[in-house]
């Protein structure tokens, strides 16, 4: 009894536990079974008594009482009458809460189509009945009749008849000869008459036989819908409603405002319309009204139900009183303000405060300063409880009074409450997980929150008025998670790249940098000191300076961990820094015996963390911060205008460049170069001049300056060099020259800004520089929104990527090598494999095993691999992981934020998305490089960086008369090999490059290897002979273009005006011998060089040609016309897998190139495969584009026919998954590297994995799949596995190609419909899911947040696993018990039963 009473008051009964959610179409019976009664009247409440009207939209009889345990007429009040139905008003006496749960229904007088299935594209109704959507609408909205049963007449089934045609047919053929209906009834009849299993069979037959692509598409689309209905056991006629459900009244409330007016949910208006029209239709039908009136009423009913479900989807939007469109049920779910994103994913949190932040340099790393007033408010409940426990207040009211009066004992209790109770601090926008961290509060006076300076980088906070929010974790579990997982001391490394994120910046760096400088000839040089106190004494006495080279005794630890004292060479400043290092055998004072810039300090913290652990690191960081601030303050570094030193060399350099530019102008005037080439050369000259001036400036700034008889380091140089503030680029603009600027369109303006800010800009220069500045401001505003949207899409696509097992056992992996740009190593192999797991044994050059497979690469293993001189390593990768749901720990490798192998349950998908999205705001929005000041400096030559021997591979070269070598192939590789046979440097010379070294030459570093014209692509003759022009005739294919500025003419190949005569013209140059026969090339084809449109001829008809002579050249437009989509748009383009505008054409097979005929503005290029029995492949190339290959060239699979950015889909289809992953990783990394943002490759790999989850069926075999269907790779593998296991004869497996989906598409096609619906296109996703009867197994994070559970990652994953085990154990026990009972009942001797356990699964 007592339990019952307790249950009665405990309104939060345990929620039913469930494993999955299914969505399907509701049948009319189902809708009626949910309902508690039919709503017959459109009235809501009585406006006098405020009581709901009977049978109306708020009827208490149907939906339940408005007050707890009280019927409407007031006959039964109190809980004792619970469950009684009042005989007077018919209301059940129960909780008013049931008004949120009970549904009603409206019985429609005529069936209506559900607008989601009708208008959500592709329309499911029209697909099933096999009529165009327009026709279906004409039938539904009573414009045409549709023939359902033609009988013996000449009418076709599903033929549309207008009113007149229908009447006419009835007159002609008799009324009963055929059946034709109109409206939703007609469509319902057609859907009802469908026999789905037979239809599916027929469609499968037709699919097998169909030859045309269009039909195949149509059949497979229809078959998909039919299959969905068969699978989900739904009947197609349920898409036509005969009953409309009414949602509970408390979910569409009516609220009285003051002044006798009411605020109501729009849904009530929409329901009212439906009921009004429905009742009117019923009345008209009873009155036997004329057909036309009834039809109009039915159409209006259809429209009102449409508006209720999705207002504005079809026809006019229904508006309310103030011309505002009414919010329909669909609008309640859609968009940022919809149910999903507003209430289910974005909940507000209780117990929080926010205030401005100020710096707290005296805090420890794990502390934050919390204003007393704020703490008092936040911790109120705890204070009340403590006051009560101490007997200082008997009731809550008394406690409240005490707190309000702020009595002294209240403050004491607040101190107790706060001790060891962490709080969460959050700064918006929270772009990555470090945007929320836990701290222990320290009570402070004042009203601002104090923040530790070192965590600013993680929060991206500064103290110019930023605000932060404080949240209080209430439950014990929450406090535990805060302390163990979210404490700022546990987040030392950044999850994006594994480097420390608690790195000092600005003043601290400047102080440490100043401390660590050393100079010759300072006062007190060579002195010896015993300890720190002695040094400080000497410094105070002025006997020694911070930068003097001295020797001192250092108390360290030897290799066995015993304390030892030794003398070290140092400076007083560096000794201070060494003194705060943790004492450990792995770390000595040598670590800080260098100039401490930001990078160096980051490295030191990293080392300390790895070798001495977390606690030592935190203590070290705090000490370092204190030391840095103190010394920066003491040093008193400041700068004035004289610190900006303009280099003497500037005038000389600028004058020299001016001469060079006027020289180019002269060449242009003489017609030696084209306008584009001149532009390129000028821009090039100025950008190298700017760099030289900058170098000269840095050199002069780095020198000591003598001021007031003392040598001083330049303060600005110190700030920039240490990384405290400013950069070389900014210094260049202050004291060098500002350099080239860009127009808003992205082109570079030829005239640079020669002045710097110290000299001041001229009016014209200032005007030129405003472009960049203005564009920068406009960009910043757009950037934030774009970057946020990219992050959202990334999180959405990767949210269900969780570490679910320890090892999937795969042997696959991807190859990794160092990233090179030209001859420079940008990212070493060492850095790239750190924290990965090796996939196959690594052997050294001598074949000895260096590292076995499945080794986890930590710093030591990486160093080992580095010494073994291997240049590529195969590592496990998320891309090749074979775990079913999620990724395994071995394939993922190191958890970057902890520096150890990743734990199970880590949400690596979200971490990847945040790591890529968080720096998004730092990327540019530009389609060109760096801000206003443009940088071009196109390489035009290459020098050797190492000593070694030159080696040519795939050499295709000709030697000219002057003994220079010209490259005439596209696959040639030039390498420099050292004495051990290791390749130290390699590059692919472009076609037309001049090589300065021969195969086998010995070279020294700095030797010029090659040079080329970066601004023109030449065509070079490989043989000697005479030039003969083919189809090159003045006026049709060649035009003399006279330059207005110079009067010099050049002959340019133009596109002939297309007429039948000129259609087959192929402008080309042939090399012929003395007898007039074409000379043969080495590969046996005649020496004919086809010219593309825009080529400038360099020879005349009949000229004598030597090998290596340039026949023509194509200017490659302004500084790189290849649209450099940079920054954010490029990252988005890559992740969305969009085809670039002028994408490269990739050869799909090895073969010989043949030029085909020309079409209007395309040219046909064919590759004839070398493989036997393969069909030649044709490509259509735009005419004006320069082709990378000549007629007759041999091309390998994956090489480019036409240059440009390749389309990722092409890479996937020709070169496979690994090549695609490498391409995407490299391209994304290029964008981030340009901004100096380090991101680990594995994050990009996780996202790419999510983009590659689907396959496209190429042949269904004997599975249920349809050709052309997109399905999950996992489902595909399972289906094939089933066929393999069935072992039936001649059963074929399905085949498929991997499919690359952009992140938006991939999110919308995830297995979880709840997650997809909450992302975008809510209605479409739900419609699709309902038809398929989809089941959401709640695997991802989003789905679980939406249904209100713990997420299956981190601690939530552990609890989930625990519950699962418990439930399985319970089931076994129950089964055991049941078996024992059964045995007992049979009369066999009774077995002792296991004691009943409590159901632990709940």
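The first residue you see is number 1, and the count goes up from there.
In case you wondered, yes, glycine gets a Cβ from its N, Cα and C as well.
Under the heading Zn(2+) 1 binding site, Swiss-Prot lists 71, 73, 86, 89, citing sequence analysis as support. Residue 86 (Zn(2+) 1 binding site) falls outside any helix or strand according to DSSP and counts as coil.
For 462, 464, 466, the entry in Swiss-Prot reads Mg(2+) binding site, with the evidence type sequence analysis. When Cβ atoms from all protein chains are considered, those within 10 Å of residue 466 (Mg(2+) binding site) total 17, not counting its own.
In the three-state DSSP scheme, residue 888 (Zn(2+) 2 binding site) is classed as strand. According to Swiss-Prot, the Zn(2+) 2 binding site annotation covers 808, 881, 888, 891.
For residue 73 (Zn(2+) 1 binding site), other Cβ atoms within 10 Å of its Cβ number 14.
Put simply, residue 464 (Mg(2+) binding site) is 46 Å from residue 881 (Zn(2+) 2 binding site) when counted between their Cα atoms. Listed in sequence order, the residues 805, 807, 810, 876, 878, 880, 882, 883, 887, 889, 890, 892 complete the 8 Å Cβ shell around the Zn(2+) 2 site centroid, once 808, 881, 888, 891 themselves are left out. For the pair formed by residue 888 (Zn(2+) 2 binding site) and residue 73 (Zn(2+) 1 binding site), distance between Cα atoms is given as 64 Å, rounded to the nearest Å. Taking Cα separation as the measure, residue 466 (Mg(2+) binding site) is nearest to 891 of the binding-site residues 71, 89, 808, 891. The sparsest Cβ neighbourhood within 10 Å, among the listed binding-site residues (71, 86, 89, 881), is found at 89.
Around the Cβ of residue 462 (Mg(2+) binding site), the number of neighbouring Cβ atoms within 10 Å comes to 11.
Long-range Cβ proximity for residue 891 (Zn(2+) 2 binding site), meaning a same-chain Cβ under 8 A and a gap of 6 or more residues, is found for 808, 810, 837, 876, 877, 878, 880, 881, 883. Shown are the binding-site residues 808, 888; of these, the residue with the fewest other Cβ atoms within 10 Å is 808. In the structure as shown, the Cβ atom of residue 464 (Mg(2+) binding site) sits within 10 Å of 5 other Cβ atoms.
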